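Residues or ranges marked as transmembrane segment by Swiss-Prot: 6-26, 36-56, 91-111, 113-133, 136-156, 169-189, 212-232, 243-263, 275-295, 306-326, 331-351, 417-437 (among others).
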Amino acid sequence: MNLTNFPWLTAIILFPIVAALLVPIIPDKDGKTVRWFALTVGLIDFALIIYAFYSSYDFANPNLQLVESYQWLPEIDLRWSLGADGLSMPLIILTGFITTLAILAAWPVTFKPKLFYFLMLLMYGGQIAVFAVQDLLLFFLVWELELVPVYLILSIWGGKRRLYAATKFILYTAGGSLFILVAALTMAFYGDTVSFDMVTIAGKDFPLKLQLFLYAGFLIAYGVKLPIFPLHTWLPDAHGEATAPAHMLLAGILLKMGGYALLRMNMGMLPDAHAVFAPVLVILGVVNIIYAALTSFAQRNLKRKIAYSSISHMGFVLIGMASFTDIGTSGAMLQMISHGLIGASLFFMVGCTYDRTHTLMLDEMGGVGKKMKKVFAMWTTCSLASLALPGMSGFVAELMVFIGFATSDAYSPTFRVIIVFLAAIGVILTPIYLLSMLREILYGPENKELEEHHALVDAEPREVFIIASLLVPIIGIGLYPKVATTIYDATTNKLTALVRNSVPSLVQQAKAKTPSFSLYSLKAPEI
């Protein structure tokens, strides 16, 4: 049976959405049937992703594959246009993997289980759509629609301040989305051809001033989701009130949507503006790394501490994508994949700990590891992964970003040394606050009140399975990075070449107007 032309991406997107529509009519009194139904849907959709990947995806092809395009509104060339390349495919696989585990992590949810799993399956399809659509207006629509289930999950199943956190989340993201809409309309209607097709838009010759305007708009919108300082304040509040499955999706998938969009649109569609903004991204990345690491020190709430750790790690994505080197861009992509796995594992462990201790305050914990040996081992391994221990994915990703930026010929040596030194400070701070966190949770004197009022039961097989499933790719990528980089290197190398080619032309244009001009200490690379 020849399935070469089968609409894989449409099937992968619509299957969980259609399944979600069936959830309300499933006869179920205690939530057991619907949870197994949701898990089955997640597993089947993930299997479809893996099959489509192995049967139809060519690692060496940097261009869009699995392409589908169906006419929707011909007047403005609006199409149901899908495709996957090296930027999309790894994140689609990551989405299927983490969302399926998040459904399994939601086993303890007993309040309105039908509504919960309905929203989880809607998120599943919506998140994959964000990474697959190749029409800019359609991208805006799925970007917005995907926010609705996140808002509802936060506001219904969150903590005491859930409405505040959910409202702040929707205001930040919806406010940023206005910039996406304005930029999308401007790009689509510019020139003689009206089209929202991303490939068509990428081929338009936008003047530099317009590119800078569009780039700034996209940077604000996607900087909210990544997040970038100072647009980050919604994230600690959202994580502070979310449940464990929502944590896994926030850290594992939603933040990656911002990084993906920056690579796809800011780098891929506005390369000249990216060459100008690159030093700004580098500085913002360093600020993310150091500011969030220092702020994490001061947090006594476990969720907020790890939330700031996530913000710090995403700073490496900004530095990597602004490095103008193949290895740096590849490192940025790997950091997104790595953090998706590590962030999901850490926040799942927060949920496991809270289910047993019913507290998130580090001051009220202590000696937990003495009673729960499996939880002790799981916490320790996940934390070592987060601090970029050699042999784990975070180490490889951060090392690639460091090497990529340090060897970049697009910046002056002085600027490179300063940035590498400052980023290294963040790397040193990470194990300090993570190991300190472990000490307060697992070691030290036992909290007798905690033991008297709550049963400190060790991890059950379901929880061990979830963490083990996340650690397999974390360690696998750490030991053999090519298992991940082979998927996307052809695309990221093409993207890097595109922005590198923009640097010499910009420098020449500027020097023609101002002989002493130096574009943020950029110099024309040898290409």
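Any Cβ shown, glycine's included, is placed from N, Cα and C.
Counted over residue pairs 6 or more apart, the CB atoms of the transmembrane segment (306-326) and the transmembrane segment (243-263) come under 8 Å in at least three pairs, which marks the two as touching. With a threshold of 8 Å between CB atoms, the same-chain residues lying at least 6 positions outside the transmembrane segment (113-133) that come near it are 9, 12-17, 19-20, 23-24, 26, 28, 31, 34-35, 37-38, 41-42, 45, 49, 81-84, 87-88, 91-92, 95-96, 99, 102-103, 106, 139, 142-143, 145-146, 148-150, 152-153, 156-157, 245, 249, 253-254, 257, 260. Cβ atoms under 8 Å from those of the transmembrane segment (275-295) belong to residues 208, 212, 215-216, 219, 223, 228-229, 232, 266, 308-319, 321-322, 324, 405, 410-411, 415, 419, 422-423, 425-427, 429-430, 433, 499, 502-503, 506, 519-522 of the same chain, restricted to positions at least 6 beyond its ends. Within the same chain, the transmembrane segment (169-189) stays apart from the transmembrane segment (243-263): fewer than three Cβ pairs sit under 8 Å, each pair at least 6 residues apart. Of the candidate ranges 91-111, 243-263, 331-351, 243-263 contributes the most Cβ pairs within a distance under 8 Å of the transmembrane segment (136-156).
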